[in-house]
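These notes are about the structure you will find just below.
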Amino acid sequence: MSYEAGEFDVIVIGAGHAGCESALASARMGCETLLLTINLDMVAFMPCNPSIGGPAKGHVVREIDALGGEMGRNIDKTFIQMRMLNTGKGPAVHALRAQADKFSYQHLMKKTIEETPGLTLRQGMAEELIVEDGKCVGIITKTGAIYRAKAIVVTTGTYLRGKIIMGELMYESGPNNQQPSLRLSASLKEHGLELIRFKTGTPPRVHKDTIDFSKTEIQPGDEKPKFFSYETKSSDNEQLPCWLTYTSEKTHQIINDNLYRAPLFTGAIEGTGPRYCPSIEDKVVRFADKPKHQIFLEPEGKHTSEYYVQGLSTSMPEDVQLDILRSIPGLEKVEMMRNGYAIEYDAVIPTQLWPSLETKKIDSLFTAGQINGTSGYEEAAGQGVMAGINAARKVQGKEPIIIGRSQGYIGVMIDDLVTKGTNDPYRLLTSRAEYRLLLRHDNADLRLTPIGYEIGLIKEERHNQFLQKKALVEQETERLRNTKIKPDDVAEMLESAGSAPLIQGGDILSLLKRPEVTYDHLASVSPSPYELTDEMKEQVEIQIKYAGYIEKQLLQVERLNKMEKKRIPVDIDYNDVNSLSLEAKQKLILVRPLSIGQASRIAGVTPADISILLVYLEHYNRVTAARGN
Amino acid sequence: MIQDTIAAISTAVGEGGIAIIRISGPQAISGTDAIFRSKISLKDADTHTVHYGHIIDPASSEKVEEVLVTVMKGPRSFTAEDVVEINAHGGVIAVKKVLDVVLQLDGYRTAEPGEFTKRAFLNGRIDLMQAEAVIDLIRSKSDRAFSVARKQAEGVLSKRIKALRQTVIELLAHIEVNIDYPEHDVEAMTSAYIREQCELAIAEIDKLLKTANEGKILREGIMTAIVGRPNVGKSSLMNVLTQENKAIVTDIPGTTRDVIEQFVTLNGIPLRLLDTAGIRETSDVVEKIGVERSRDALQGADLILFVLNYNEPLVDDDRQLLEQLKDRSVIVIINKMDLPGRLELAEVEQYVSSDAIVRMSVLQESGLDILEATISEMFFEGQLEANDLTYVSNVRHIALLKRSKQSLVDAIEATHVGIPIDVIQIDARQAWESLGEILGDEAGDSLIDQIFSQFCLGK
């Protein structure tokens, strides 16, 4: 028996990292929103490593924050370790990484959701989509509840026909032995979406008191932690260290001796696993000449003794897992609390989505997160916030927001997914961005806060702070440009900076282009009349120091934008474009790119195809124009 | 998309006895069939077949020319369209007449320069690099240059560029792994390592650029100026080399009044010969112009053949010219070795090395083999006969190679001034992309692939 359970503007299926952001964004933009989850105790759960951030991923968290999302604020309040990585490298790749107290992280996120006006959090398993005239208008749950809405966001993570595999054992399950979602896949397929099977995995967890930390290296957090959210000014969170050890020769021996029991090699696993996150058995086989692999031991929270064994993701049988663990220095007497496992799940081939994350087949149906073939909490949350924003805008009759490749990693990721698709679970890497120097960790607010404000997710007060920061950075840069100095004025300062003396006078700004001279050096000779925060000083310094390279990239962006602005009509029939290669034709029909820029990024579409397409569009436009007359 | 049918004479006018008119487009076969009288209809002809017959002027129904017609049906043709080639045996006038008839056909028009290649390119028949090689192929003059262009289209150069890109991408992957996996125990990226890899790539680019120079010489010929005082035998030398009597040869000093250009192949070495008016101070106005031109030709020459008369002692004019040519590629030809010697050889050797002095008697055609060997040594280090004919011969490719090299030089420079690796990566990536532009395909996901195949990463 089914019954009418309520009407909403937006329904979000799944309360993982994508779902939470989707629901919050939608509700905060004024849409009555329902967030459905199979288990209320699993909201914002971290089924794998208890950490957030790192290169590219940390950038995304800052971007989510600049857009008015929650992940940054949530981790800033619940971290148990904060580290800035890559500090020895350039500013674009500095990356914040936090270890989370995974329980606090969940509880705080759940609380925030529960307290958000217009947002209803409910336990229930969505099993069927209601589609009328090609438009998704609601869902039916396992208990027969019919919820109706104007837009639906599906963020099912690894739950869709989830199957856990470990050694000879195999059973239907969501992550961490949660109930899987077995029927929604069929409904998605029935309405024309094509699904693929992906796989991921997680390592075992061990008891802290059985680890001999003396045989490992300590990895402490930063003494002066920085934060993800631009709103967080300070924190008194106590930090816990992580620990580093390595696999041994014995580890590799055990793995090699037991390969015949490894599902990865026996053919039991059908799904494609992530390249960047291979299991230990995969690493040992593929890089046989590597004598040892790193293993990080990470606390899962303040009030638990569970430690996450990073580097040891595996689907070997439980007994072998224990043998492997105990072959590692420091873990000789370790007690395994949970075993590692591989999990297979259904995902939607992401080329079936528009860049707004709405499906092309079913109007008003959006998907975000792992269901789109990605992996990682941050990737999920980044898509989640965009799907939430665009679902809400769809309901409100507004154009979707699409972040460009030169505007943010979120834009890079979504463009990659919808344009190229992915053959294995997609992870963001800084190398996926063409304009890495523009997509810095430090300027996410400069890039995206205006958008967050425009769509109503960034409030007036924060926007004012943002405008003030921007203005002060510009004024200070201008001041430095106009401050003239003589060699004598800066002789002492340059010496202390270990920099060559100045031969001819000039503006003080130029000195900042020397790698060894910092903003603080300049300020020591020429103090600023403005009250500048550390972030503002950092901004001034980076913008001046890397101006040459930044300008080069900006120029490239300008060229790219020309291609992005050449729009392709949605109703174009590629079968009409005779000289296109067959492969290009097929790909273009599949992806239906919105611009020549997007078309040029499709694998299999050659520059020749683009020339042809350009010629054809010219022809098409002329014909259309002639018809109009 | 509606396409015109295009036609053009595809062989250089005036060269050789045969001229080919190439036709490409949807109406190539039906159009030609309408003006072709033969045993069979071209519409029924199999693809890649040759047919004998006559071109008829439809207006007068008269035979215009006896021809062989080749039919190649798309997409298995050069342009991937239907292509017809008309081989005409007559001279220039007859061929033009055939073309006139062809162009009067419905839907036909003259091909724009390079349009056949452009169509081939736009129809996906050839990639960018092949297209450019084909353009060079058309222009190539000597047999050897033809071979270079052909091999390039087949991908010998492509292979070398790909190998070069591999060097750069391995460096990129290494940098990326350091950035994206900062805690991973991969070998830390050092400035020394970056420099080493960049230098490796630069060395390879330099090698390719050197072949570019050789390739240019092969395609365009060595610009060779023949200089010397009047009546030392310059024009005779040229005539021997060209085996023709194009320059006016007399024994009156100052007879050669213009710069005559001849393209010859000297045992495989292409020379673009500039016979210059005798260089000497003169009051004759006409001759003066000739002298001016000779000096200009001298400036632009790759090789200078300085002819001296063995039968006459050096004069100040000679000494002055020898002095001027000291830093140029110059071969001194001592002509008229059959006559009594009045020339002080030791004095000539003060200006040029003895390796660059060739004794000849142009009249008796002796010493030509030595001249060939000397030129070959000077321009190809004697290795012209080597079979590895990888020459970069396209202006765009050369520019891209140079740009790529500059990016690598910038990267090395950046390591010296403490620029962080992710910023250096921008230069290295630029080098990689410039190389990719030569091949005409896009980089795509291959960097990510490289990262994961080169390094063991994971959690």
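Note that Cβ sites are derived from N, Cα and C of the backbone, with glycine treated the same way.
Copied over from TrEMBL, here are the features:
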type	residues	note
BINDING	A:GLY14, A:ALA15, A:GLY16, A:HIS17, A:ALA18, A:GLY19	FAD binding site
BINDING	A:273-287	NAD(+) binding site
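Distribution of TrEMBL features across the structure.
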{"residue": "A:GLY14", "record": "FAD binding site", "Cβ contacts under 8 Å, 6 or more apart": "A:LEU36, A:THR37, A:VAL154, A:THR155, A:THR156, A:GLY157, A:TYR159, A:GLY369"}
{"residue": "A:ALA15", "record": "FAD binding site", "Cβ contacts under 8 Å, 6 or more apart": "A:ALA23, A:LEU35, A:LEU36, A:THR37, A:MET42, A:VAL43, A:ALA44, A:ILE113, A:LEU121"}
{"residue": "A:GLY16", "record": "FAD binding site", "Cβ contacts under 8 Å, 6 or more apart": "A:MET42, A:ALA44, A:PHE45, A:THR155, A:GLY157, A:GLY369, A:GLN370, A:TYR377, A:ALA380"}
{"residue": "A:ALA18", "record": "FAD binding site", "Cβ contacts under 8 Å, 6 or more apart": "A:THR155, A:GLY157, A:ALA368, A:GLY369, A:GLN370, A:ALA380, A:ALA381, A:GLN383, A:GLY384, A:ALA387"}
{"residue": "A:GLY19", "record": "FAD binding site", "Cβ contacts under 8 Å, 6 or more apart": "A:VAL12, A:ILE13, A:LEU35, A:THR37, A:VAL153, A:THR155, A:ALA368, A:GLY369, A:GLY384"}
{"residue": "A:ARG275", "record": "NAD(+) binding site", "Cβ contacts under 8 Å, 6 or more apart": "A:ASP424"}
{"residue": "A:CYS277", "record": "NAD(+) binding site", "Cβ contacts under 8 Å, 6 or more apart": "A:THR200, A:GLY201, A:SER313, A:SER375, A:PRO425, A:ARG427"}
{"residue": "A:SER279", "record": "NAD(+) binding site", "Cβ contacts under 8 Å, 6 or more apart": "A:GLY201, A:LEU264, A:GLY273, A:SER313, A:THR314, A:SER315, A:ALA342"}
{"residue": "A:GLU281", "record": "NAD(+) binding site", "Cβ contacts under 8 Å, 6 or more apart": "A:ILE255, A:LEU259, A:ALA262, A:LEU264, A:PHE265, A:THR314, A:SER315, A:MET316"}
{"residue": "A:PHE287", "record": "NAD(+) binding site", "Cβ contacts under 8 Å, 6 or more apart": "none"}
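Under 8 angstroms separates the C-beta of A:CYS277, A:PHE287 from a C-beta of chain B, among the binding-site residues A:GLY14, A:ALA15, A:GLY16, A:GLY273, A:CYS277, A:PHE287.
The two recorded residues A:LYS283 (NAD(+) binding site) and A:HIS17 (FAD binding site) have their Cα atoms spaced 28 Å from each other. With respect to Cβ neighbours within 10 Å, the binding-site residues A:HIS17, A:LYS283 differ, and A:LYS283 shows the lowest count. For A:HIS17 (FAD binding site) paired with A:VAL285 (NAD(+) binding site), the C-alpha to C-alpha distance reads 33 Å. A coil conformation is recorded for A:ARG275 (NAD(+) binding site) in the three-state DSSP classification, outside any helix or strand. One way to see the shell of the FAD site is to take the Cβ centroid of A:GLY14, A:ALA15, A:GLY16, A:HIS17, A:ALA18, A:GLY19; the remaining same-chain residues with a Cβ within 8 Å of it are A:VAL12, A:CYS20, A:GLU21, A:SER22, A:THR37, A:ALA44, A:THR155, A:GLY157, A:GLY369, A:ALA380, A:GLY384.
A:GLY14 (FAD binding site) falls within neither a helix nor a strand when secondary structure is assigned with DSSP, and so counts as coil. The binding-site residues listed here are A:GLY273, A:VAL285; among them, A:GLY273 has the most other Cβ atoms within 10 Å of its own Cβ. A:PHE287 (NAD(+) binding site) carries neither a helix nor a strand DSSP state and counts as coil.
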